[in-house]
Amino acid sequence: MRKNILDFSYEELVDEFSKIGLEKFRVDQVWDWIYKKHEFDFDKMTNLSKEHRNTLSERFYIYVPELLDMQISQIDKTTKFLWKLEDDNTIESVLLFHPDRVTACISTQVGCPAKCAFCATGQSGFVRNLSAGEIVSQIIAMEKHRKVNIGNIVYMGMGEPLLNYKEVVKSVKMLNHKKGKNISMRRISISTVGIPEKIVELAQDLPEVKLAISLHAPNNYKRDIIVPMNKKYSVEEIIQSAKEYQKITKNRVTFEYILIREFNDFVDDAEKLAELLKGMGAYVNLIPVNPVPSSGELKFERPHHWAIERFKEVLDKHNIENEIRREKGTDIDAACGQLRRRYITNKK
């Protein structure tokens, strides 16, 4: 049975090639075609002999996701992609354009088991984990379609990265490899809802990668309501693991905080958050919620402008470095899960 060559790390591919009589430098050539020239057809890899191309075609194939939909913001060029995988499941990726860099936001699972109440992805349910190749292929597919060079990566798309730990770590190492994309570990961020034991493991396995924790509430009572996994991993456990992560890596931790009108945007919430993060040197991203349909009593509405500023002022007063995230792609379905959810709904 032929295998998708993108699912192999560099080291694994060297081993696979040696089994079929191909030298190590042939891996360099193939990776150069795939990762730098975005060529996914062995027959067009002209610095390989016809015999070698035939050998590769007999044992491997190159599968990158099929583009189903692409939305480009007229405001800031933010680009949202909807991809179809080999098994017809769908995932999303996003390109974010900055004056000095292009950042890719990529998915790690089809759907998400975390089921955060404010997230369109979580409301669609969980299907399966992505392979390392499916994670990495989002990067090269986006580069090919938008003709850009991606320099920063955030694992903040569909899915909980730390619940697909092995494949996520493998994909990071593949993207960092000097023969592949050669993206610095320090330009890669992994966002998690908070899996304490995996946060500590990540510190040991990928100490240079940046960590972002989706906290969203300063206490267990409120977090239980919007982040169901908090019933398993409490705020206190998450903060403790973040401190252990800092101790091991010496990296600053970013905390994501979704602001929801008249739920977690009060002065008292800001005071409790400041107390929780006291002495950590943490960074807080304040994110006004993207409205999503809700079947419960809680309405996911953006806070008033003055409430957002009031929350920020409290953190400033306590010397907690923070910023209000500037929205990108407001004229397209740029929030996580929106494009896929609409596609699934229209198919029914």
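Cβ atoms here come from the backbone N, Cα and C positions, even for glycine.
In the structure as shown, the Cβ atom of E92 (active site, proton acceptor) sits within 10 Å of 28 other Cβ atoms. The active site, proton acceptor annotation in Swiss-Prot covers E92 and rests on sequence analysis.
For the domain 'Radical SAM core' (98-331), the model's pLDDT averages out at 95. Marked as domain 'Radical SAM core' by Swiss-Prot: 98-331.
Around C105 (disulfide bond), a 10 Å sphere centred on its CB holds 25 further CB atoms from the protein chains shown. Taken from Swiss-Prot, the feature disulfide bond applies to C105-C336, supported by sequence analysis.
The Cβ of C119 ([4Fe-4S] cluster binding site) has 25 neighbouring Cβ atoms from other residues within 10 Å, across all protein chains displayed. Feature annotation from Swiss-Prot assigns [4Fe-4S] cluster binding site to C112, C116, C119.
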DSSP-derived class (H/G/I helix, E/B strand, else coil) of E92 (active site, proton acceptor): strand
Least surrounded, by Cβ count within 10 Å, of the binding-site residues C112, C116 is C116
